[in-house]
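Data block below; observations after.
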Amino acid sequence: MPVRRYGGRYNNSSPGVSNALSPSTTAGRPLSPSPAAGSKLASTHHDPVPQEAYYVNDEADARHQQQAPFREPSVEVEVEMIDDEPPHGSQKPLSVAPYTANASNSSGRSKRNAITASGYTFYTNERQKTVYEALRSLRPLAELQEPRRVKEYAETSLKDSLYRIIEAHDVIMVAGAFFGDEGKGKTVDAVAHHPLCTCIARVNSGENAGHTVYDKAGRKFVFNLAPSGLLLPGKRNYIGPECVMDPVSFMEKEVIQLIDAGIDYRDRLFIGNVCIVTPYHKLLDLLGSAANSSTLKGMAPVHGSKVMKRGIRLDHIFNDDETLRKRLEKDMDTYLGLLKVKNLSDADVVRLCREENSDGVVRVPDYVIAFAQAKVKVEFLVKLYRDRVRHNPDFPARCDVTYELHAAVLRGEKVLLEGPQSYWLSNARTKFWESTTSADTTAAGLLAASQLNFQKFKSVVLNVHKAPGSSRVGIGACPSSFVPQDYFSAQNIKTLRDLPSETCANFEAVQRTLFRDGFPHSNDKARHNGIMAPVEYSDETGKYNIGVAMAIASAQHHGECGAVTKKPRVCGFFDCVLQHEVNSIQGPYLTISALDRGDEYDKVGVTIAYVYYNPEGKQVDVNGHVYKNGDIIRAGDPVPSEPALYHCHPIVKLIDGWRDNPIAAAKRRRNAPLPRGVCELLSTIEYFTNCKILSIGNGPNGDDIIYLRQ
């Protein structure tokens, strides 16, 4: 059995996972009755809501219904935990009104302090307190004291750092290392500026990715499928054949920006034989997806058509109408069948579309609604594509992208593959399979989609993460998040504008409460166990669980919302458990964006391990390993899949901030020594993930990057 480098002890029956619970920890402290495993309240490390609330059914828990009594662990390791799980359970809810910013209930209490329609609460409930009290006596992990030595990091130049890596490779991939939205654009821009980097390509996924770029004049462009290098003269940008594209949306939302700005893209942008996202794919997404589970860009349905070989590609639009018509008729059967099964009329679909757009954010475009209204839908699509694509003089040039990229590398040029989404959002990662996108957005997926010869051409991956405020948008498990992933959407909070502006608006006070009260023993190494207490934050609008307060305050203060959907992202701690797997699979290089945010924090938290805990004592079998209460999952251990991760809670190492020595580009002198807090944070991340940190972001501008000497 291999030994981990920091000497973790193992459960004899399950290599790599130790157990932190002993019978004495829960003896005499019975947990209160609970709903079916998986229900969760809206708070940091989210215990199921109290009995008087109601619960939302979730299919994930059906896979592990066997009740398991608490058993004495074979190995005891010292740590503390509280429960963290998304809304699961089998109980159906009573009728409880959803949260409304300025409403009061019959008792006069603000509904922000009531149990919401999802079963979530804004305050800390009694069950949370009970569970925390039952577990608080567990002792700290020794790893909380690592690393023993803090490295000193010296700044170096772009040419002596990133450019040396570029020059040693043929294919450079910039890939997200968490759940998307990591700030990859800045690294993409830095690579694209290298003189030998002539080709920038998007090779898979679709318009569900989004990024904001600026040209030299400071003009803002929001691209979804278009590569970021479009604004750089002399660069060729490609959209490869494994991408999926709604060509109407692409013209109306992306190409129009170039036209309006007077940018000639004729020799800069080339499109391969992409799979086409049709209006019915987007409607299938709307009709078949749970709230907050999709960008409504038709990704899962179009990838289904692609795999079934039923859809259309771009070449079909540019050839005879009869073939196009036949393929559309066949592929549309899925949409028409769903309407029949759900007993929906065209008018019902139109109504749902308009409801989705009712807050002013256009999630369902007009032409998609027009398709839903059309009597002869196939003819509507044939005419739509004929007018908006085939006969559109502004539609970009088409080419064999695979051939062009291959030829460029043979000429000695460098190819940049711009990764959409991220490693953990890849459909090829089984750990989060149910809540991922539909393409393989790992670095391996990028290289495969590019069809570049991986034995002939040297490739390298630049992984990108973000801290503080690592974030995820959409549903799914994320143990290091401040609240459940569906916390906002469950209360019909679709955009940042839907958050009451006065709620948890004082970020300074919220983060101070988190680190002072949420980790009451943070300055006592013998007692700090890395588990966040379910304390409350109060302002003039009410009381909030500290996780809720941090989630709201972080989203507002950092402007954390999806570039495509505008959904508030759920922030949390930098997660070394997940990051370790990313670097072990995709290579050691890591760049951390937005680190200047740390200038405003008293402390910065880093998740170094998880602890599995389910209040009902239920166990989860993942890949033949049975996770039970008290099991510790360290960085470097196998990462379990979501049924277990829903019950995993972060063990957080705290690092002192650097308020007195800010690193923001506007405040820092170039080549000034980095503050000790920054060095300790970077040392901690490198220690637990085996990564090599190439650079850190310290401002909003493209060149606000501090490159680190290796």
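Glycine too: its Cβ is placed from the backbone N, Cα and C atoms.
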> The IMP site in Swiss-Prot includes D181, E182, G183, K184, N208, A209, G210, H211, K309, Q421, T437, K567. Which of T198, T295, T323 is also listed there?
Replying inline: T295
>> Given that Swiss-Prot assigns G180, D181, E182, G183, K184, G185, K186, G210, H211, T212, G697, N698, G699 to the GTP site, pick the one from R327, R351, R354, R569 that the record assigns to that site as well.
In response: R569
> DSSP three-state call for H211 (GTP binding site): helix, strand or coil?
Replying inline: strand
> G180 (GTP binding site) to Q421 (IMP binding site): how many Å between their Cα atoms?
Replying inline: 4
> What recorded positions in the list D181, G183, K566, P568 lie within 10 angstroms of H211 (GTP binding site), counting C-alpha atoms?
Replying inline: D181, G183
> Going along the chain, which residues six or more apart from Q421 (IMP binding site) have their CB under 8 A from its CB?
Replying inline: G176, F179, G180, S205, N208, A209, T437, A439, T441
> R569 (GTP binding site): which of the recorded positions D181, G183, G210, T295 have a C-alpha within 10 angstroms of it?
Replying inline: D181
> Closest to G210 (IMP binding site): which of the binding-site residues K186, K566, N698, going by Cα position?
Replying inline: K566
